[in-house]
Amino acid sequence: MQEKKRVALVDDHHLVRAGLRALVEDLAGYDVVGEGADGSEVLELIDDVNPDVLVTDIAMKQVSGLDILPEVKKHHPGLPVILLTMHNTSDYLQTAIERGANAYLLKDSAEVELELALKAVLDGQIYISPKLSEQLLETLKHDDSKEEASVSKVLTPRQTEILKMLAEGKGTKEIAYDLGLSVKTIESHRSQIMERLQIRDLASLVRFAIKNGITDL
């Protein structure tokens, strides 16, 4: 029997947490192992329950999920984080992606979206509510606030191809199969891509790929 994935929930509203717990535990293969009521509790919660994925509200009274996100990624870089929000503007979404969020889910999303987000982030992909993905694409395409390195000068054609596939949501095994390469080779390319671009997480890789026209998603 396959071991259930461990999920930690953080939201400053008890009823919201109870609803989330019920939704998660209704899904096959998931178990809620811990809860928190504020961003200030997140790091201790992670240390205590060692979750496979963290689901947290983006806005809380004391320390928000958005504020604590950089610390989570600093101390637990491999932990996927799903942000829940009522904010349906690209400003919050762009900040969340820049800080390393693995999924950005609107609270009024259909229940199936939570399951899709969990599956995506646990497979090393990112997930953005469909209502917001088009907004993000347009924002990033027209955001010239930062200079990005010339891709052709930094990455090899093969690395650019792999970056495109990563940005489009393909996992390491799928890329390896499509290109006829070993998983180890793809992982090595991915590490080199991140090192050359000085990028630490998949969400930032996606952002880079969009801004540089490598993918239209």
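Positions of Cβ are set from backbone N, Cα and C atoms, glycine also.
What TrEMBL annotates here:
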DOMAIN    6-122  domain 'Response regulatory'
MOD_RES   Asp57  4-aspartylphosphate
DOMAIN    148-213  domain 'HTH luxR-type'
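The DSSP breakdown of the domain 'Response regulatory' (6-122), given as helix, strand and coil counts, is 56 helix, 26 strand, 35 coil. The residues of the domain 'HTH luxR-type' (148-213), classed with DSSP into helix (H, G, I), strand (E, B) and coil, number 48 helix, 0 strand, 18 coil. Summed and averaged per residue, pLDDT over the domain 'Response regulatory' (6-122) gives 89. Non-local contacts of the residue listed as '4-aspartylphosphate' by the CB criterion (under 8 A, 6+ apart in sequence, same chain) comprise Val10, Asp11, Asp12, His13, Val16, Ser64, Gly65, Leu83, Leu84, Thr85.
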